[in-house]
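As annotated by TrEMBL, ATP binding site applies to G28, L29, P30, S31, A32, G33, K34, S35. Here TrEMBL flags 21-172 as domain 'APS kinase'.
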Amino acid sequence: MSATARTSAPRVGADPDLAVGATVWFTGLPSAGKSTIAHALADRLRAEGRRVQVLDGDEVRPHLSAGLGFTRADRDTNVARIGWVAQLLASHGVTVLVPVIAPYAAARQSVRQAHAEAHVPFAEVFVSTSLAVAESRDVKGLYAKARQGEINGLTGVDDPYEEPRSAELVLDTAEVDLPTSVELASALLTAIREDQP
């Protein structure tokens, strides 16, 4: 599936709630299923007339964070930049879906706090697929390269992933199928919009 994001305008006469933006951040190990869920949800939301932008880590990093490496400081900077763009888009009525690993809890909390201070709805979805399952799905071969010492600093292998303790939704894609995952994420999106003062 192409990770190229599209932003589409709402239909004329659509529900005014369609103009309320929000950010949903999908965090989890590499190959956990974050992008698959985010893009499937984006397709559903576009069909409903929402303006949607997917900020996929694999696509955003070469443009927004070119020159950054994979040290903790660089990863935090990458997350902060993506978070800022997400907040900006969401503040203008765009639903922003962010399938980005964001391995460190403090960086994710900073993004959450920035959204709260800007009064922009935000939710975190922890795609909790196990390392074994994620590794078995790895079409890029990153886990194999890390195990063989060809690459260093892969999250879940030789760099830590700090699991969320307060995610609004937890999805284990080994147990929850894609349609159900999309349904649950869509319901979460509705809930955070309704909770926004």
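Cβ atoms are placed via backbone N, Cα and C, with glycine included.
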- Note on the structure: Not counting G28, L29, P30, S31, A32, G33, K34, S35, residues with a CB within 8 A of the CB centroid of the ATP site are F26, P99, I101, V127, T129, A134
- Message: Among L29, A32, the binding-site residues in question, whose Cβ has the most other Cβ atoms within 10 Å in this structure?
- Response: A32
- May I ask you to report the DSSP-based helix, strand or coil state of G33 (ATP binding site)? coil
